[in-house]
Amino acid sequence: MISPELEPRDTLRGNQPAQEKRRASREWRAFWKSPLARFGVAGLIFLVLFTFVGPLLYHVSAYQPNLLYTLNPPSAKFPLGTDSLGRDYLSRMMIGGQLSLEVGFAAAFMTTVIGVIYGLTAGLIGGALDSLMMRLVDIFIAIPSLFLLLFVDSVFRPNAVLLIIIIAVLSWFGVARLVRSEVLSLKRRDYVEAARALGASNWRIMIQHLLPNVMGVVIVNATFQVADAILTVAALSFLGLGLPPPTPNWGEMLSSSMSYMFQNAWWLIYPPGLAILIVELSVNFIGDALRQAFDPRLRKSA
């Protein structure tokens with residue numbers, strides 16, 4: 001992803017903190033004015049309420065089979081119908097959404113943290129170590145992701161924590177490259193040179209001067225990482241590489257519903273597919289709105 005050229009945020013002591021606050025306030029106002037941001041936030045709020053608050057109000061087991069009600073269409077008793085084992089589909093949508101969102105956001109967070117630390121370190125130190133670190137990134141990128149996923153799935157029993165780690169391990173390279181490119185540009189600025197001349201350590205320069213200035217890029221990128229992680233969870237489950245049954249998630253539910261496509265069991269297909277579509281659109285809309293708000297060129301052209 002092409003990183004936006006953010007307005008410089010000189011964080012040396014005494015560099016007009018009031019101006020920094022005004023700039024941040026202006027950017028967030030631009031974000032909230034965006035229709036994309038409003039739609040995205042509304043979509044995420046709806047899904048969070050549906051998946052985390054819904055089970056507190058809808059007390060039906062997502063795991064209890066009932067062979068008397070197999071493949072029942074939506075009704076007053078079963079608002080989203082039942083699956084092939086007679087399990088309530090609405091309850092499974094709620095519980096499955098919890099897992100999909102939790103794994104997606106956690107994997108995106110871990111991906112971002114690893115990528116930021118790696119990219120900051122490589123970009124600030126530079127020289128031979130920077131070249132070595134980026135060649136390692138190239139090697140990791142060259143490893144086929146599907147091969148690694150198949151290997152891990154055959155050796156270990158998949159669980160939520162392992163799934164988060166796998167997604168993060170396969171996704172942090174792009175974040176590292178993005179942050180490194182920003183650091184290579186930022187470390188030539190006057191405020192970084194001044195901090196170095198005053199005897200500031202690399203650690204202090206990284207935390208106090210570089211990290212705040214790359215956060216805009218990082219936040220924007222993190223939203224797209226969330227979307228990618230959730231889609232990866234769904235794709236892995238769809239391919240049978242995700243969490244084993246009976247743990248529901250939207251990808252596994254969508255995969256299972258394919259067996260009943262020709263039995264007119266439409267209520268098994270549309271809910272998980274629509275939920276994945278809503279979360280993907282919501283997160284991507286938020287990312288686009290953040291990019292427009294933080295990028296002065298896009299803000300002026302809007």
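Using N, Cα and C of the backbone, Cβ positions are placed for all residues, glycine too.
According to TrEMBL, the protein has these features:
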- 1-21: region 'Disordered' (REGION)
- 1-12: compositional bias 'Basic and acidic residues' (COMPBIAS)
- 36-58: transmembrane segment (TRANSMEM)
- 101-287: domain 'ABC transmembrane type-1' (DOMAIN)
- 103-125: transmembrane segment (TRANSMEM)
- 132-152: transmembrane segment (TRANSMEM)
- 158-179: transmembrane segment (TRANSMEM)
- 214-245: transmembrane segment (TRANSMEM)
- 265-290: transmembrane segment (TRANSMEM)
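Where the transmembrane segment (103-125) meets the stretches 36-58, 132-152, 158-179, 214-245, 265-290, the count of C-beta pairs under 8 angstroms peaks at 158-179. Here the transmembrane segment (132-152) has long-range neighbours at 118, 121-122, 158, 162, 166, 170, 173, 176-177, 180, 236, 241, meaning same-chain residues at least 6 beyond its ends whose C-beta is under 8 angstroms from one of its own.
Residues of the same chain lying 6 or more positions beyond the ends of the transmembrane segment (214-245) and with a Cβ under 8 Å from any Cβ of it are 1, 3-4, 6, 27, 99-101, 103-105, 107-109, 111-112, 116, 120, 149-150, 153, 157-160, 163, 167, 171, 174-175, 178-179, 182-183, 186, 251-252, 254-255, 276, 279-280, 283-284, 286-287, 290-291, 294. Listed by sequence, the residues of this chain that lie at least six past the ends of the transmembrane segment (36-58) yet keep a Cβ under 8 A from its Cβ atoms are 90-91, 93-95, 97-98, 101, 275, 278-279, 281-286, 288-290, 292-293.
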